[in-house]
């Protein structure tokens, strides 16, 4: 009987342990350190900076709450097409700064910490950021009311796109224990920003094994080790040695690998004065060339404005227009023979280069121990005491939502599934329906897939040295539809060139530049007068005149 009771107690204890472990693995409210859904007004809970660049006042409306100031206008507003509220950047070309102090500082030193938030670029983005700063305690020397771009943070995370910059930042500040200075460490080869107007969720998971994982929409885009020199710039662990700042290059050190041959003599037949181009003596004036016709004539339809004052405005002259006679002729005006390359041209003579017998190599300062060198087993992060959004954007319509700090990856996943994914699916369906209604479904979807694929290719680590130029080509294609095909071809050519060079070796060279030119178009302006037929006829004449000028240059 006693043995039976003992067995029952052991069974109950085992079952309780299993339930405890199971509960620990599941989502736990204790794992949610901070969460902001913006379903309620942020007025009174979030603090707008009182610094001059960001200073704001509060005004309450019927359906929306507004915080506005001399710089930017924050709105508590619904996401377009949803009943879900968020924090909206509503004006372009402004500075914004707003901060929320957390109840208790969040330690980043132990276990897993997940930083997650949603952004939606409702107006797209040409130049602006949508990142969040996770700030250090106020003992570091800042106040919420004075929050600005100098306020000390532990981690800065989120999308940023402007010019050649197109990345999801992950930057952490770390204190050097030797000199006490805080250094910014930037993630190398970060993922690119999605190029649409949909809601996206950004997740940074800091792991206890010194790793950080970056996800966009729940898909892993980048994994890095905080202690790895190849993952952060500058590396968290400094170099053991540094060049001696007091070491100087000896005066007799010759670092010129090649020198002009002192024994070389300019050939007697070398003519430095020969021009690069000469007239083509074999050229003949085209038949039908109108020598007595000017290329431009006064516009016969132009009339002097009634309010024109010759004394104040000067003598009125009618505007010029292309001579219609020149459009149907090989050319007008004085004919001149075209220029051609001079076969006798050699340019300025210079002696050939030879190996320098006194060459000693490239001089380098001697290495000395780095006084600021230190070693760590893991990063010594400062805690998160506040969450701040401090941006200067040229774009309006940036919406922040569902900001989360959690200690469990499953919690972050559940928030993505329940908060973000339903909105995203609705937006995707709406986008597809709009494309179908406009008849651009197939072409638009293909174009979007191509651009997304190119952005993913630009994120490949071995292309990192060429990423700015690749992104520059992609941006040109997105902005100017008439350049799209040429830019795409040139981008693919660049990537193939780099790929072949990496396979077959060779010296490091600059990425090839392939210029693209826009297709000429005839622009109409509001100043054009007359019927549509007259406008077309005038445009055709202008185009014909331009073609004639091109022919003359070619001849």
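Placed from the backbone N, Cα and C atoms, the Cβ positions cover glycine too.
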Note to self: Looking at 483-504, 505-526, 527-548, which stretch does TrEMBL describe as transmembrane segment?
What the structure shows: 483-504
Check: Other than its close neighbours in sequence, what residues sit by the compositional bias 'Basic and acidic residues' (243-260), given a CB gap under 8 Å and a spacing of at least six beyond its ends?
Finding: 350-356, 358-368
Item checked: Cβ-Cβ under 8 Å with the compositional bias 'Acidic residues' (269-282): same-chain residues at least 6 beyond its ends -> 337-342, 344-349
Notebook entry, point to check: So how many other Cβ atoms are close to residue 127 (disulfide bond), meaning within 10 Å of its Cβ?
Noted result: 15
